[in-house]
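As written in TrEMBL, here are the features:
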TRANSMEM  21-45  transmembrane segment
DOMAIN    39-288  domain 'G-protein coupled receptors family 1 profile'
TRANSMEM  57-80  transmembrane segment
TRANSMEM  92-112  transmembrane segment
TRANSMEM  132-152  transmembrane segment
TRANSMEM  159-176  transmembrane segment
TRANSMEM  196-219  transmembrane segment
TRANSMEM  240-258  transmembrane segment
TRANSMEM  270-290  transmembrane segment
Amino acid sequence: MANFTTLKGFLLMGFSAKPEIEIVCASMFLVLYLVALTGNILIITATSIDDSLHSPLYFFLKHLSFLDLCYISVTVPRYICNSFMHNGNISLWECILQCFAFTLCGSSEMAMLTVMSYDRYVAICLPLRYEIIMNVSTCIHGILAVWISGVISGVMHTAATFSIHFCGANIIHQFFCDVPQLLKFSCSNEYVGELGVILFLSLVAFLCFICIGLSYMHIFSTVLQIPSAEGRAKAFSTCLPHLSVVMLFLSTGVFDFLKPHSDSPTALDFLLTVFYTVLPPALNPMIYSLRNKAMKTALRKVFKRRKV
């Protein structure tokens, strides 16, 4: 990081150079942020106070909601403030911290979704051994693995990105410190090391996707053999929401990182970024609660307690 003395910060351009459009975008982001904040806090509260939700499935769901809160809070509040204050400046150290936290939360979320798919595999394909396999020790080790993998990814990504020398106007055409945008400021081919890190993390994400895919292949094969239509519906109701979240988060994130980035970002570039940074944390609470009877019952209990 030898260029700290010459580089003071960056300018986040957001979605448009027109202030009125930025205000509209920031208002929409504020609504999504409040939805994500409310939904995830409700899930954390419900899974914490309701004894019927003290199982590995909801233990992991509670941690996923916490991750979602961290993930969306890394980028969105700063963008909202920048838009309303008409100031997109971000210091170098703030950019480094944002890059690290964003990578940590994103990688941890991918690992969490993988752990949750394994939990569903054991619950549906090996129901008689579920309590033995998914015991307290397994759950705790799973959460530790999620956070450790996130920290390692964050350190690797951030160190490789900010070890290069930056040249140019330092204008980031995004609403946060996006690594692909930062690489365009490289003075030479120093970004090759960072590309290696991106490819490595993409490979890890792909392996996670393979593990999730194999889990669900076994799950669907087992579910289709259930004679009861009600039993099949119940099994699918807990699996399909999780699979939809995985597909949205992984496909848009990997595609955005691996596709070529132009000097003038298109509407598709911004849309893809929103799909893997803002929508998953906002949609996860609705996806998991609206299709889950136990979660809806627990949320009703939470609201009843508040009224009392």
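Yeah, the Cβs are placed from backbone N, Cα and C, and that goes for glycine too.
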>> Take the C-beta pairs under 8 A between the transmembrane segment (196-219) and each of 21-45, 57-80, 92-112, 159-176, 270-290. Which stretch has the highest count?
In response: 92-112
>> As a test: from 21-45, 92-112, 132-152, 159-176, pick the stretch that has the greatest number of Cβ pairs under 8 Å with the transmembrane segment (270-290).
In response: 21-45
> For the transmembrane segment (92-112), what are the same-chain contacts with Cβ under 8 Å, counting residues 6+ beyond its ends?
Replying inline: 4, 7-10, 60, 63-64, 67-68, 70-71, 74-75, 78, 145-147, 149-151, 153-155, 157-158, 161-162, 176-177, 179, 182, 201, 204-205, 208, 249-250, 253, 276-277, 280
